[in-house]
Each structure stands twice: as C-alpha cells, then as structure tokens.
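Beneath this line is the structure, given in structure tokens, with notes to follow.
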Amino acid sequence: MPPPSCPTNTTLSQLHLTDIPGLQPLHRWISIPFCAVYLATLAGNSTLLWLIKADPSLHQPMFFFLSMLAAVDLVMSTSITPKMLNIFWFHSTSISPAACLTQMYFVHACSAVESGVLVAMALDRYVAVCNPLRYPSLLPSPAVAALGLAALLRAVAFMTPLTLQIHRLPLCAPAVVKHSYCEHLAVLKLSRGDPAPSSTYSLSVSTYVGAFDSLLIVVSYALILRAALGLSSPRARKKASSTCSSHLCILSLYCVPGLLSLYMQRYRQELPPCIQVLLADLYLLVPPAFNPLIYGIRTKQIRDAARRVM
C-alpha cells in the first residue's frame, strides 16, 4: 500500500509545472529576458541555417556541423521556452504526462546531441589547423554525416531508457513538478516507486557525457593552441587563440550550470530552490542564443556569405 502522504492516481491526466519559487512577483520581469533570449535563438540559428544552405561556399564540414548545432538548438529551445512563457504570462502550469515525457526526452536528448556535435566541431578544427593538407580527405561528406549520426544515435541510446524508466513508475497525486520544465530528477521525485535506479542512471549518463566530451574538446583545443603558437604569423596565432578561448567559454557556459544543477538536485544541496531552477534554465536557454554569435557571426566566412546573399 502506498503511504498516506503519497496517494497514487493510476489515471493521472495532467501534471503541473511550477514557476520560479520565491520570485512570483517578478515573473513578468523575468519573462522579458527569457523571451528575448528565445527570440535571439530563433533569429540567430534560423539565419545561420539559411545562410549555410544559400551560399555554396559554406558547404564545408565546419559549416555542416554548425548547421547540426543550430538545428539542435532550435529544437531544444522550442521544447521548453514557450511553455515557460505560458507559465509566466498566463499561469498555465498544466501539462499532460505524455507531453511531459516528450519534453523530457527532447530536452535531454538534444543536450546529449549538442555535446556530441561540439566534440565533432572541435575535431574538425583540429584537423583543419593541424593537418590542413589532409583536411578534405580526412573529413569528406560521408564522414561528416557519420559523426552527426553517431551523436544522434548515442543520445537516443542513452536517453530512451531514461524516459522509459519514468514512464513505468507510478506517480503521486497531486503531481506537481517543482521545476519550470519536465526535468528528469524533478519528475522522478513524484514517483512512489524506487527512484534509485533511474536517478543513478541519470547521474552516470550525464557525468559520462559531460566529462568525456569536455575532455575531448579541451584536448582538441589544447592541440590546436599548441599548433597555433608554432605559427610564424602573429595574426594567425591571435586568430587561433581567440577561437580556442571563445569556444572553451561557451563550453563552460554549457556544461558547468547543467552539471551543477544535476548534482545539487541529486545530493540535495542547500541552495534556494529559485537558484536551482534558474541554473537548470540557464544551461538550456543561454548557449543556444550565444552559439550563433560564437560560432557564426565571429567567423569571417559567415560574414562574407551574409554580404553576398543579402
């Protein structure tokens, strides 16, 4: 029998997301930067996709990877931000269990795909800088497609069990998810079953993806930086160093808040709930808006293509 404090409802028709705890009077103001970041994400990534498709000079491995990153950012942001804005503007907190699981799957799968694409982009830059003469032969179009497909399949393989574990667990009623989107651990807390296997799996997968991919990216850019320092041209050294530093900054912005949020929820660190929710929102909303700036607009080929197309 379930405990009295956790009544179950086998025909649960809807869940309820929460806003940002303790900041309810500021929700209208908070929604302004959230909406601005989402619009910037839509505009920046859509423009990148359009430019790369329209200009044949951008049909290169680097920009194919950038297209993948832009597409993933659009899907991930659109899976959560409209619902967040509905909560802030109209207090529309209800979401069906199926929609909640779908949102959870897309959020976590897109995060894993984005991490894999960032690794592929770091590999692309390593080959371009350290083996420029072999660049076309090492990264032909089939190899680019294979790397993108590998990132997608890895995400599906890791995140499908995560979602199925939640789907099989009975939920407590009333089902209030203490988060502004269907984050895995927040939904898991509603279960009256044993959450330990799903929680441990989530922690293990997130740590593996975050740590392993970050290590590969850091090593790639370290090798790029070492090669750049050996160049005779000061301008080339400055360009390579700038590329490495900016890419590592966006990696930090992407990985650090996500892992912090995960570990704080897993080990119940005593931080205000509003900080935990904002950290989780930050790592999903901010990188997709900044990626077009870091990887796109600062790239000379993208700027030149924009002038030609317009």
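Just so it is clear, glycine is given a Cβ too, placed from its N, Cα and C backbone atoms.
Now, the feature entries from TrEMBL:
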- 29-51: transmembrane segment (TRANSMEM)
- 44-295: domain 'G-protein coupled receptors family 1 profile' (DOMAIN)
- 63-85: transmembrane segment (TRANSMEM)
- 105-123: transmembrane segment (TRANSMEM)
- 144-164: transmembrane segment (TRANSMEM)
- 205-224: transmembrane segment (TRANSMEM)
- 245-263: transmembrane segment (TRANSMEM)
- 275-297: transmembrane segment (TRANSMEM)
At an 8 Å Cβ cut-off, counting only pairs 6 or more apart in sequence, do the transmembrane segment (205-224) and the transmembrane segment (29-51) clear the bar of 3 or more pairs?
no
Hey, which bits of the same chain come close to the transmembrane segment (105-123), Cβ under 8 Å, at least six residues off its ends?
62, 65-66, 68-69, 72-73, 75-76, 79-80, 144, 147-148, 150-152, 154-156, 158-160, 162-163, 181-184, 205, 209-210, 213, 216-217, 220-221, 247, 251, 254-255, 258, 284, 287, 295
